[in-house]
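Undergrad: Below: one structure in structure tokens.
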Number of protein chains: 2
Amino acid sequence: MKLLHKKIEQEGKVLSDTVLKVDSFLNHQVDPQLMKAIGEEFAARFRQEGITKVLTIESSGIAPGVMAAMELGTPLIFARKKKSLTLSEGLLTAEVYSFTKQETNTISVSTQYLKEGDRVLLIDDFLANGQAALGLIELVKQAGAHVAGIGIVIEKSFQEGGKLVRETGYRVESLAEIESLNDGQVTFKKGAEVS
Amino acid sequence: MKLLHKKIEQEGKVLSDTVLKVDSFLNHQVDPQLMKAIGEEFAARFRQEGITKVLTIESSGIAPGVMAAMELGTPLIFARKKKSLTLSEGLLTAEVYSFTKQETNTISVSTQYLKEGDRVLLIDDFLANGQAALGLIELVKQAGAHVAGIGIVIEKSFQEGGKLVRETGYRVESLAEIESLNDGQVTFKKGAEVS
């Protein structure tokens, strides 16, 4: 996705060979017009899949997720990262280890909103080690629903997640695929910039 | 806001005299079309204030916040509830006590995105005890920026927050004002349904 590649080139900060900071438009400050374009792109790529729900994880998945859901005409559900007082019964849960934060979170979603028969599009901001996406897949399976696809804003293709998640057999669409962050440079995967 | 009142009447669950659960369209599952209408309403009420940034807190403020920012043509910033590894330097912070969760969170925003001269619209999902809104005001003051207004999706007018926050002198606009949750019933404040 050209607009996203351009934004990453202009504003992304390469902090190390593995860490790309995109706090100016995705993870802290958010560019609503870019989020809308990202939502439209996800909708275009998955519209034929008969999506009934979009599922993401708080917090950075919410902005791209709500725009994708708006375009697809479905609700968005954001999985919670810990149990809250007003959401104690009827929860599906999965454990997600974050390599960045070096902690394990329990992600949860209410059985009231994710149901058997749902065709679910999973959305997340990053695909790196794949743990978050695998946790979301687990929640959908527990609900007896169907994973209709996985939409990722930025994939770090040099990490394990892409391989792990694609091995599940589900279709993964990443709007930006980064081959390397070596030498302080963002190198996109060749042929990835399709629109 | 009629559409929001109707949604609260149809889907809101009164758990006690003080707790209203709106997980089906705002706090867990999110209705994107309603969020868009809410964003448009906030934009209409604050457009003349020369807003340069919309500021909210993760997670439930993000969906209405990104829609308001989209309509106003500004970026959204979402304050973090705890310090993250990739956001360690140049942070403005404030302490926010949550009566619901009975815990104190440090909310933070990067000095890179909230700056002197910014005219900031604060958005949050609920106004109850007012601690979150007061924390956001504190962050804006620390940045040397100006609070241009405060937009709340649902105000529980029978709690202290509305009074506390209005005493700061800033303009507060709540799209739904709930006078009482007694007897399992949602009672809206009279005259509040202006559009």
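Any Cβ shown, glycine's included, is placed from N, Cα and C.
For reference, TrEMBL lists these features for the protein:
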| type | residues | note |
| --- | --- | --- |
| BINDING | B:LEU20, B:ASN27, B:LYS156 | xanthine binding site |
| DOMAIN | B:33-157 | domain 'Phosphoribosyltransferase' |
| BINDING | B:ALA128, B:ASN129, B:GLY130, B:GLN131, B:ALA132 | 5-phospho-alpha-D-ribose 1-diphosphate binding site |
Undergrad: How big is the gap, in Å, between the Cα of B:LEU20 (xanthine binding site) and that of B:ALA128 (5-phospho-alpha-D-ribose 1-diphosphate binding site), rounded to a whole number?
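TA: Approximately 11 Å lies between the Cα of B:LEU20 (xanthine binding site) and that of B:ALA128 (5-phospho-alpha-D-ribose 1-diphosphate binding site).
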Undergrad: For the binding-site residues B:LEU20, B:ALA128, B:ALA132, which Cβ has the most other Cβ atoms within 10 Å, all shown protein chains included?
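TA: Going through B:LEU20, B:ALA128, B:ALA132 one by one, the largest Cβ count within 10 Å is at B:ALA132.
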Undergrad: B:ASN129 (5-phospho-alpha-D-ribose 1-diphosphate binding site) has how many other Cβ neighbours within 10 Å of its own Cβ?
TA: 20
Undergrad: Quick check on the domain 'Phosphoribosyltransferase' (B:33-157): DSSP residue counts for helix, strand, coil, in that order please.
TA: 40 helix, 46 strand, 39 coil
Undergrad: If you measure from the C-alpha of B:LYS156 (xanthine binding site), which of the binding-site residues B:ASN129, B:GLN131, B:ALA132 fall inside 10 Å?
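TA: Among B:ASN129, B:GLN131, B:ALA132, the ones whose Cα sits within 10 Å of that of B:LYS156 (xanthine binding site) are B:ASN129.
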Undergrad: From the Cα of B:ASN27 (xanthine binding site) across to the Cα of B:ALA128 (5-phospho-alpha-D-ribose 1-diphosphate binding site), what is the distance in angstrom?
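TA: Given the Cα positions, B:ALA128 (5-phospho-alpha-D-ribose 1-diphosphate binding site) is 15 Å from B:ASN27 (xanthine binding site).
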Undergrad: Do me a favour and check the Cα-Cα span between B:ASN129 (5-phospho-alpha-D-ribose 1-diphosphate binding site) and B:ASN27 (xanthine binding site); whole Å is fine.
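TA: Per the Cα atoms, B:ASN129 (5-phospho-alpha-D-ribose 1-diphosphate binding site) and B:ASN27 (xanthine binding site) stand 17 Å apart.
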Undergrad: Mean pLDDT over the domain 'Phosphoribosyltransferase' (B:33-157): what is the value?
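TA: Taking every residue of the domain 'Phosphoribosyltransferase' (B:33-157) together, the mean pLDDT is 93.
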